[in-house]
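Q: Take this structure, written in C-alpha cells, and hold onto it; I'll ask about it next.
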Amino acid sequence: GLCGVAMAEGEGMVSVDYEVFGKVQGVFFRKYTQGEAKRLGLVGWVQNTSHGTVQGQIQGPAARVRELQDWLRKIGSPQSRISRAEFSNEKKIAALEHKDFQILK
C-alpha cells in the first residue's frame, strides 16, 4: 500500500511537459517557476529554449501539478507576459523521476 502518502483526493502522481510562450526570458521566469514548484512540493526542471520560450517537466501529486499549470498559464514572474502555456505528454507515474526541481542551463 501507499502507507498514507497518497493525497486526500486519492490521486496518484503525474508527469507533464510544458512550454510557456510570451515574454518569459530574462525576467527571472525560471527562478520563480522553481520557487513555486518547490512551494508546491513538485519535482522536475525548467529551461530557456533557443526560440524564446521556457520549457520543462513537472512531476508530483496531480492536484499540485494542476496548481502549477494554472500558475504557468496566468501568473509567472512579476515582469513576465505570458501569451500561452502548452502542456503535453501527461501520464500517470508510479514514482517521481527527479529528486528536486532544477533550472537547467
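In case you wondered, yes, glycine gets a Cβ from its N, Cα and C as well.
Any TrEMBL annotation is an automated prediction that lacks curation.
The structure displayed is predicted, hence computed values, not measured ones.
Sharing the record's features from TrEMBL:
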ACT_SITE  ARG30  active site
ACT_SITE  ASN48  active site
DOMAIN    15-105  domain 'Acylphosphatase-like'
Q: Neighbour count, 10 Å Cβ-Cβ cut-off, for ASN48 (active site): what number do you get?
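A: For ASN48 (active site), the 10 Å Cβ neighbour count is 18.
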Q: In Å, rounded, how far does the Cα of ARG30 (active site) sit from the Cα of ASN48 (active site)?
A: 8
Q: What's the number of neighbouring CB atoms sitting within 10 A of the CB on ARG30 (active site)?
A: 21
